[in-house]
Structure formats: structure tokens, C-alpha cells
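Residues annotated as active site, proton donor in Swiss-Prot: H89. If you look up Swiss-Prot, you'll see F22, A57, V58, E59, C81, V82, I83, F114 marked as 5-amino-6-(D-ribitylamino)uracil binding site. Look at Swiss-Prot and you will find G86, T87, R128 tagged as (2S)-2-hydroxy-3-oxobutyl phosphate binding site.
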Amino acid sequence: MKVIEGVIPAPQAKIAIVVSRFNSFINDRLVEGALDTLKRQGQIADENITLVKVPGAVELPLAAKRLAKSKQFDGIVALGCVIRGGTAHFEYVSGECAKGLAQVALEAEIPVAFGVLTTENIEQAIERAGTKAGNKGVEAALSTLEMINVMNALGA
């Protein structure tokens, strides 16, 4: 039986990180985790990483699509944080963001990792940005690296 499974190191890969500025005190921690992972575990040099900042989570898919269409990147790490408030806005923002990023990955056929926190409150967001529940930026970077290698193994 042939098994195709990705590995983490991808030293030649070119990665874009697109991050929302809204809730930057959380997102900055996600970026730190992703960058550390890409450099240490992915063995990717600084010059092969591009960081793009957008206003909010709704803008992540459009920026990711433009990055993917440029054909300059092997994978995209999308990072952000949407915290539930007192209105239905949370559902619209988180749903459209997730759907848009998935669509970019499918259309461009490159990995687009969903590292957008969707939490009930600020405490949950803090926990997932490097404290009690790990750092989801790290997880998104690892997923991107592994999927780059899986896609390369699968061929054109």
C-alpha cells in the first residue's frame, strides 16, 4: 500500500502570512508562533516569508486570493481573531472568512491554512494565542508546511 503523508521541513517553500489587524494584541501572538514555526521547523529563510496585514477577518480571503493568484507562494497562513459579541455579526464574519479562505485554497490549489480564532470571549482567544491551549498560529504554520509537501508528492 502506498501512503502519502507530508513532512514538516520545506526549506525552499515561499510562504505568505496574511493577518488581520483587528484584535492585534491576539493576532500578533499568532504571527509570532507562525513565524517561529516556519523558521525553526520549516527551515524557511526570512526572505521566503511575506507578511501581509489587512484590516479585519473579512478581508483575509481577498488578500489570500490575490497572493495565491500571484503564483509567488507555495502556501498561505491566514491568521486572525473573531470574538463573539452581542449581535449576529460574529456568525457572518467567521462564516464568510472560513468559506472564503477554503474557496481560495480550492481554486488556487495551494494550501491556505485557517488560523483564525473564533471564540466566545477574550479569555478563550488569549488561551489559544500561546497560553493554556497552545498557539493556533503554530498549528496553522505546521498545517501549511505539511500540505505543501503533500501537494508536491501528489504532483500536478
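Backbone N, Cα and C define each Cβ position, glycine as well.
The structure, with features from Swiss-Prot marked on it.
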residue	record	Cβ within 10 Å
A57	5-amino-6-(D-ribitylamino)uracil binding site	27
E59	5-amino-6-(D-ribitylamino)uracil binding site	19
C81	5-amino-6-(D-ribitylamino)uracil binding site	28
V82	5-amino-6-(D-ribitylamino)uracil binding site	25
I83	5-amino-6-(D-ribitylamino)uracil binding site	19
G86	(2S)-2-hydroxy-3-oxobutyl phosphate binding site	6
T87	(2S)-2-hydroxy-3-oxobutyl phosphate binding site	8
H89	active site, proton donor	11
F114	5-amino-6-(D-ribitylamino)uracil binding site	19
R128	(2S)-2-hydroxy-3-oxobutyl phosphate binding site	23
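Under the DSSP three-state reduction, V58 (5-amino-6-(D-ribitylamino)uracil binding site) is assigned to helix. Here the candidates are the recorded positions G86, T87, H89, R128. The one whose C-alpha lies nearest to that of A57 (5-amino-6-(D-ribitylamino)uracil binding site) is H89.
Of the candidate binding-site residues, F22, E59, I83, F114, the one lying closest to H89 (active site, proton donor) when CA atoms are compared is I83. Secondary structure at H89 (active site, proton donor), as computed by DSSP, is helix. Under DSSP, R128 ((2S)-2-hydroxy-3-oxobutyl phosphate binding site) is assigned to coil, being neither helix nor strand in the three-state scheme. Of all the binding-site residues listed here (G86, T87, R128), T87 has the Cα closest to the Cα of V58 (5-amino-6-(D-ribitylamino)uracil binding site). The 10 Å shell around the Cβ of F22 (5-amino-6-(D-ribitylamino)uracil binding site) contains 18 further Cβ atoms across the protein chains shown.
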